[in-house]
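Undergrad: Before I ask anything, here is the structure I am working with.
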Amino acid sequence: MKMLTRLQVLTLALFSKGFLLSLGDHNFLRREIKIEGDLVLGGLFPINEKGTGTEECGRINEDRGIQRLEAMLFAIDEINKDDYLLPGVKLGVHILDTCSRDTYALEQSLEFVRASLTKVDEAEYMCPDGSYAIQENIPLLIAGVIGGSYSSVSIQVANLLRLFQIPQISYASTSAKLSDKSRYDYFARTVPPDFYQAKAMAEILRFFNWTYVSTVASEGDYGETGIEAFEQEARLRNICIATAEKVGRSNIRKSYDSVIRELLQKPNARVVVLFMRSDDSRELIAAASRANASFTWVASDGWGAQESIIKGSEHVAYGAITLELASQPVRQFDRYFQSLNPYNNHRNPWFRDFWEQKFQCSLQNKRNHRRVCDKHLAIDSSNYEQESKIMFVVNAVYAMAHALHKMQRTLCPNTTKLCDAMKILDGKKLYKDYLLKINFTAPFNPNKDADSIVKFDTFGDGMGRYNVFNFQNVGGKYSYLKVGHWAETLSLDVNSIHWSRNSVPTSQCSDPCAPNEMKNMQPGDVCCWICIPCEPYEYLADEFTCMDCGSGQWPTADLTGCYDLPEDYIRWEDAWAIGPVTIACLGFMCTCMVVTVFIKHNNTPLVKASGRELCYILLFGVGLSYCMTFFFIAKPSPVICALRRLGLGSSFAICYSALLTKTNCIARIFDGVKNGAQRPKFISPSSQVFICLGLILVQIVMVSVWLILEAPGTRRYTLAEKRETVILKCNVKDSSMLISLTYDVILVILCTVYAFKTRKCPENFNEAKFIGFTMYTTCIIWLAFLPIFYVTSSDYRVQTTTMCISVSLSGFVVLGCLFAPKVHIILFQPQKNVVTHRLHLNRFSVSGTGTTYSQSSASTYVPTVCNGREVLDSTTSSL
């Protein structure tokens, strides 16, 4: 005990020396409120703002100072009148001004510990007559302290009070440092630590996608630790800090102007996050007004919903988003405060200064050239609005009272007065066993819900709940409007928010990318990017990645996904289809007409001489070639694809097999006549039909094997240069389709060779010549078709149309060169369709190397066509 006393005396000496020096330095005249009681609570409030230059204290702080001070007095009055809370115990107060400075607050707080340092043990000091020593000017013994306001003040005071085990409850200090119980083990607060607020602010930025912002913090624990917590939360959400500024304690206008100039150096950081004390916030907004700078402010509860901060600079603050601790107004305090005036409030030595400042008048005769205050002036709803932390001041006083009440009930169970065990308070026991365990419903709160419960967590912190305000101009009047709240999660009414430029501002290092662009982040920087356009066939998997939709798919309009492209193919109503189909129909009609004419005149000499069996086969092939146009225009399907593969080669094989059989027959007959050979074999109609069918069968077998090895089907085909179009095609390559015509090409070549060999037939015996014309023209068509087919491979419409027209032209060549002359004679020159001379093949005789005829005129008769029974004179038919 003696060792402790010596330590306390030593501490007193050290503090007293510094304290007396400070008094001398500042010509100090103490203002304080001292109201005696059984238990006394200390109070620290920023009644004056910090001064400028050499002055410690500045103007009266109307809201954070006077209102909060009166809130403590109001709470003390209510508790002393309460019959259930500390009945029989009167609470007193000792309230001091901090002048919004931590160093000044520390000097003031020495008054709270003087009682502990100067307390004399009565048992050790007695008078000779046995009586105890009389102690004069004994300082009030402080049971606990309510305050301070700023975190820097509370930290300094907490370091002092912990030495003397005096519990402390703050109503506004939110620095995260104060949650460290190893250093601030007698500190509690009715407000949450700043890291909750920092998290809420970061979530607001992320909500509006503000990823590149500037920050300004007040020097000291509130601003520095708050902005540090915000930066940690910002990093977790990929939010970058463009520039981080700090406002010192000098409170010089130039420093605020300098900060604004620095903020303007980052034009893309349109949002500025403020973790500042109220006076610093006011000066910064004023500096922005002087510079005519426009920012979107996101401010902590240091700004909150205070009118004094934006007074005179409302246009600069318009659109600001501010946070304020969630609280309910104490209506009973409104009535109490509005009843005060300088004539009935004598216990508050600062109230007269407050009154003069608020109403811009003087309570003395024309002091400072001001008008004399009217005695009818009053505080009312037109000039008063309850400060946002009044509830927390009241809750702090009641929390201390509830802790003392429980301690008194425990230590003094048989009395409502203070027993000896309570006269010397054990601060450690009061804090840990009672204060941290209190749990009660906030007084004067009409809502009896979970949000109205007052309690502390294991770190002595209050619960984290915030209101979000937006500074607006409605009907020409500026005001704060609550637009959301935060309690672990953010809830915002975006439609209620007003912005300075009537739209949600952007605050990003780089300009937003267009809807079809992705962000390419710059190395080492998570907030700056360049915009790279996605390819037309890519969608945005996220804002940093363009992904290929894949073949046959295309990105949606909003580029959030892909959809299957519709299959494109030639439709019957397309111009690409109408032309080929018209040509094919015309050709098919011509073919039918020729067949009709031939059938009707089937037994006439001309039809017989033409080799009618091969003619019908040839006409069937021509008709089939016209049908191919319909197969190529039709929508691809497995059946259509099979018919295409089977029909294309087969139609040509039928035509050219018939022509090859015919030209081969002519060539063999003339070779026989010229060489005097015996009658050629296999020149009868049936033989020629079988030869022709055999040639056709080869093609059918080849195509059948092809269909078996490669089953017909469809495929979705996309050209690399035309990804937006999906073509529905048969599942064969164009090259495979042409390879399948190899056999037909061989037939064409052989036909052409035979036609060339028989080109010197007698002039009046010229069917071979017409076959030659047919083959030459066919070769020209196909030589022209092949390059066009391959060159137009990128446009399936042109390619298909070219194929259809080429096939139809091949049919027209056969009809025009071979059948048109015959039809013309049959219909318009029937006199030529007769028999005048006949030469039987059995009259051939072979002698030597030549062939002779029994008639002397035989040399003037040359067979015109292959016919196993007879050869007609050319005078019968020129064909």
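Count begins at 1; order follows the chain as displayed.
Glycine is no exception: its Cβ is also placed from the backbone N, Cα and C atoms.
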Undergrad: Which of S151, S281, S289 shares the L-glutamate site with A172, S173, T174, Y222, D301, K389 per Swiss-Prot?
TA: S151
Undergrad: Membrane-wise, does Swiss-Prot list A217 and Q799 under the same topological domain?
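TA: According to Swiss-Prot, Q799 sits on the same side as A217.
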Undergrad: C534 pairs with which of C527, C528, C546 in a disulfide, per Swiss-Prot?
TA: C546
Undergrad: For C549, what is the disulfide-bonded cysteine listed in Swiss-Prot, choosing from C531, C562?
TA: C562
Undergrad: Look at the disulfide annotations in Swiss-Prot and name the partner of C527 from this list: C240, C804, C817.
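TA: Answer per Swiss-Prot: C240.
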Undergrad: If I look at Swiss-Prot, which residue among N414, N602 would I find recorded as N-linked glycosylation site?
TA: N414
Undergrad: Sort the disulfide-bonded residues C240, C361, C509, C527, C562 by C-alpha distance from S173 (L-glutamate binding site) and give me just the closest.
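TA: Smallest Cα separation from S173 (L-glutamate binding site) among C240, C361, C509, C527, C562: C240.
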Undergrad: Among C361, C419, the disulfide-bonded residues in question, whose Cβ has the most other Cβ atoms within 10 Å in this structure?
TA: C361
Undergrad: Quick one: DSSP breakdown of the topological domain 'Extracellular' (793-802) into helix, strand and coil?
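TA: Helix, strand and coil residues of the topological domain 'Extracellular' (793-802) number 7 helix, 0 strand, 3 coil.
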Undergrad: Under 8 Å between C-beta atoms and at least six residues away from its ends: which parts of the chain pack against the topological domain 'Extracellular' (710-734)?
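TA: Residues 536-537, 551-552, 554, 565-569, 635-642, 644-645, 789-790, 793-794, 796, 799 contact the topological domain 'Extracellular' (710-734) from elsewhere in the chain.
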Undergrad: Mind checking which of C57, C513, C531, C534 has the fewest other CB atoms within 10 A of its CB? They're the disulfide-bonded residues.
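TA: Comparing Cβ neighbour counts within 10 Å for the disulfide-bonded residues C57, C513, C531, C534 gives C531.
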Undergrad: By a simple count, how many Cβ atoms lie within 10 Å of the Cβ of S151 (L-glutamate binding site), its own Cβ left out?
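TA: Step by step: centre on the Cβ of S151 (L-glutamate binding site), count other Cβ atoms within 10 Å, giving 30.
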Undergrad: Same chain only, sequence gap of 6 or more: which residues have a CB within under 8 Å of the CB of C562 (disulfide bond)?
TA: Y539, C549, G550, Q553, W554, P555, T556
